[in-house]
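Have a look at the structure below, then the notes.
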């Protein structure tokens with residue numbers, strides 16, 4: 001939140017409600033925009049490797065593939081990436097589905113469940129470090145969970161509304177590339 005809020009607030013303060021879905025479209029073409037696009041591409045490439053690795057390892061475990069480098073691992077990981085590409089390009093308005101998933105499950109996984117599990121672990125005496133949580137820490141944990149709940153509900157509400165609006169809208173306003181990717 002500390003990293004994202006200043007960017008969001010600054011973008012909204014400068015552009016108002018005219019902020020495009022892809023914020024890069026609000027930046028004039030040139031070296032600065034190209035640099036930002038290159039940084040984003042590098043970030044996505046590196047973050048994708050981190051995000052896809054646990055999924056790939058679980059699938060490899062199901063198929064009993066050894067963890068050393070071999071052709072079976074390459075085939076499984078290539079298949080996973082191919083399936084991701086097929087889903088991303090064949091589902092129209094995939095960005096709206098990502099908003100729904102990100103607003104609901106990611107908020108739950110990031111803000112609500114970690115403090116809740118911590119409180120439950122300490123309450124049941126399953127931690128080595130603490131036998132009881134001080135009141136100021138409990139208040140902070142509940143504040144994080146309440147803020148996460150408010151954020152999750154708000155994001156989910158707007159994401160569902162956005163999906164409904166997409167199906168109601170006039171087909172002539174559909175993006176020109178046919179994949180739901182805003183141009």
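Heads up, the Cβ atoms here are built off N, Cα and C, so glycines get one too.
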- Ranges 140-160, 161-181: which does TrEMBL label transmembrane segment? 140-160
- transmembrane segment per TrEMBL sits at which of 7-25, 121-139? 7-25
- Message: Should anything in the same chain at least six residues away from the transmembrane segment (7-25) have a Cβ under 8 Å from its Cβ atoms, list it; otherwise answer none.
- Response: 33, 36-37, 40, 95, 182
- In the same chain, residues at least 6 away from the ends of the transmembrane segment (97-120) whose Cβ sits under 8 Å of its Cβ atoms read 91, 133, 138, 141-142, 144-145, 147-149, 151-152, 154-156, 158-160, 162-163
- Task: Mind checking which residues of the chain, 6+ beyond the ends of the transmembrane segment (31-53), have their Cβ under 8 Å from one of its Cβ atoms?
- Result: 24, 77, 80-81, 84
